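Here's the structure, in structure tokens; my notes come after.
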Amino acid sequence: MLNLIYNEWLKIFSRAGTWVMIGILGLTMVGFAFLANHFSAGESNSHWKQELQAQNAELKKEIKEDPSLKDGYKETITLNDYRIEHNIPSDTGYTVWSYVTDSANFTILTGLFTIIIAAGIVANEFNWGTIKLLMIRPLSRFQILMSKYITVLLFGLLLLLILFIGSTLLGLIFFGTGGETAANIHLIYKDGHVIEQNMMGHLATTYLSESVSALMVATMAFMLSAVFRNSSLAVGFSIFLLVAGTTATAFIAAKFDWAKYILFANVDLTQYVDGTPLIKGMTMTFSLVMLAIYFIIFLLLAFGIFMKRDIAN
């Protein structure tokens, strides 16, 4: 199995397109660093306490006029009070962590590139006629397909590491740490309480959570590639869902509770850490179960059909 994975890895990196994708990711990070360095405000705000106190006073005034706003404003007021009490500025200037946080948006690029690899890794074997050469080896079809899927996962992980480590290094070079302890703290509001998190740990979790959507769509692209033997179909359909899936699901969720069973209602796990679930009543456990169900269905279809297919035709 390890030799199969190694061979698949060599195949991927023998193509110029793979290096072009890595180059695009690197240039995007560097370009964004220059833009952020040019437009961002580097100085911290020395009047942050007064501004937070004024904001809280305004929010409490609005709550008094309209009590229905209380639940919506409670988190902001609690976080502001915690910052004031523990001397944790809300604005420490643009630091390495600010840049790494903003760079998390580029996980859509890592997802896109992983989908392209996933969509072609099986279909191209059929298109190029090399699938028959794989079949004459003393290996099971399951081993062959599993090695390809593991290679897709490893490639996606590599891109994620390049993005995370690269953005951290670029952030340190361009923006520094900010020189304040507060810049290394992330606050989370959960169940009426404020929790302090190490910024590095928070960002690592954020990057992994942001990649869940890409993982699921890449797995679907892999399934489509194995089932239909058409990389164009797999790429086009998967990219469309990656870009539009979450937005379309949000529209449906606004009207129907059954939207919680849709894949894209569950891929954003950060909604249970930093925000509010898309649909009331959804939990982290529920989303993980739904993701596991979709994941198993995609792989069962991919392996089930591939293992029964007549390769000669």
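Positions of Cβ are set from backbone N, Cα and C atoms, glycine also.
Look at Swiss-Prot and you will find 16-36, 106-126, 155-175, 208-228, 233-253, 286-306 tagged as transmembrane segment.
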Between the transmembrane segment (155-175) and the stretches 16-36, 106-126, 208-228, 233-253, 286-306, the largest tally of CB pairs under 8 Å belongs to 16-36
Any residues 6+ beyond the ends of the transmembrane segment (286-306) with a Cβ under 8 Å from its own? 122, 141-142, 145-146, 149, 212, 216, 219-220, 222-223, 226-227, 260-261, 263, 265-267, 269, 272
Surrounding residues of the transmembrane segment (233-253) on its own chain - C-beta under 8 Å, 6+ positions past either end: 108, 111-112, 115-116, 118-120, 123, 213-214, 217-218, 220-222, 224-225, 259-260, 262-265, 267-268, 278-279
